[in-house]
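This report concerns only the one structure given below.
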Amino acid sequence: MGENQTTVTHFLLLGFPLGPRTQMLLFMLFFLFYVLTLLGNGVILGLLSLDSRLHSPMYFFLSHLAIVDIAYACNTVPQMLVNLLNPAKPISFAGCMTQTFLFLTFAHTECLLLVVMSCDRYVAICHPLRYSVIMSWRVCTALAVTSWACGSLLALVHVVLILRLPFCGPHEINHFFCEILSVLKLACADTWLNKVVIFVASVFILVGPPCLVLVSYSRILLAILRIQSGEGRRKAFSTCSSHLCVVGLFFGSAIVMYMAPKSRHPEEQQKILFLFYSFFNPMLNPLIYSLRNAEVQGALRRALCKESHSH
């Protein structure tokens, strides 16, 4: 940080400024959501690693999504739970920058993974005979590595641009974690370059990927309409609609946060929107993408039967 080294060595996360009883209630509720998130995604990772029948490209990408969701929750939720019990507990400047970097990495990576997963389903349904050739393990690995690499590089750009700014107080972040826009409000210099880069990155991450997802699922729906079985059509529509709801919730809340005019949603509403990333999306993804799947349910039954027989 050189000559402009910040005089702020720590930040205070204001979180949810509520009464002690309300904060304790939120602590218990958020802790429950946190446990369910870790449990749901942990079960998925365990099943995908132990059951050889689930070693396919679709479940390979689902395992990466589960890792992202666990990382999301572990990056933001513990600090928020601590702050609910002890609102005056600070976070160091280095810790804050690390949290910002990790959050952005996981957010960008999930955006790209959702696109890759929709393309995988498109190939599986619309080109089933060529699926094993198109979605080879080499291609799947390259797509996963590219998603993680692009997510990390974009996050690194944002954090490097923050580190060049001086911070001379105040040191109170009106959020429950070090969200990039909330951190930028505390800088003692012009942040126009940071905001331009955030907007350009938002266009790249929040406009392009949803369009590709919609194109993939529209082609999938057209293929579903040609299915002769009414029951088959119903199951396929149910799966696609639930997937699109999760994608819409994820991208919709992000677009509102980073691309809509800021005057339309005050900071307290922004915190509620970010709860989708910290809790609801990571908690819902295992249920929507995996636990409703007949193959995953079969793997879970086999694992439970094996456990009961061993006892």
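Note that Cβ sites are derived from N, Cα and C of the backbone, with glycine treated the same way.
The transmembrane segment feature in TrEMBL is assigned to 24-48, 60-81, 101-119, 139-163, 196-215, 236-260, 272-291. TrEMBL lists 40-289 with the feature domain 'G-protein coupled receptors family 1 profile'.
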Within the predicted model, mean pLDDT of the domain 'G-protein coupled receptors family 1 profile' (40-289): 85
Same-chain residues near the transmembrane segment (60-81), Cβ under 8 Å, at least 6 residues beyond its ends: 13, 15, 27, 30-31, 34, 37-38, 41-42, 44-45, 48-49, 91, 99, 102-103, 106-107, 109-110, 113-114, 116-117, 120, 140, 143-144, 147-148, 176-177, 277-279, 281-282, 285-286, 289-290
Stretch-level contact, the transmembrane segment (272-291) and the transmembrane segment (139-163), CB cutoff 8 A, at least 3 pairs: no
Within-chain partners of the transmembrane segment (24-48) [C-beta distance under 8 Å, separation at least 6 from its ends]: 16, 18, 54-55, 59-60, 62-63, 66-67, 69-70, 73-74, 77-78, 80-81, 84-85, 279-280, 282-283, 285-287, 290-291, 296, 299-300, 303
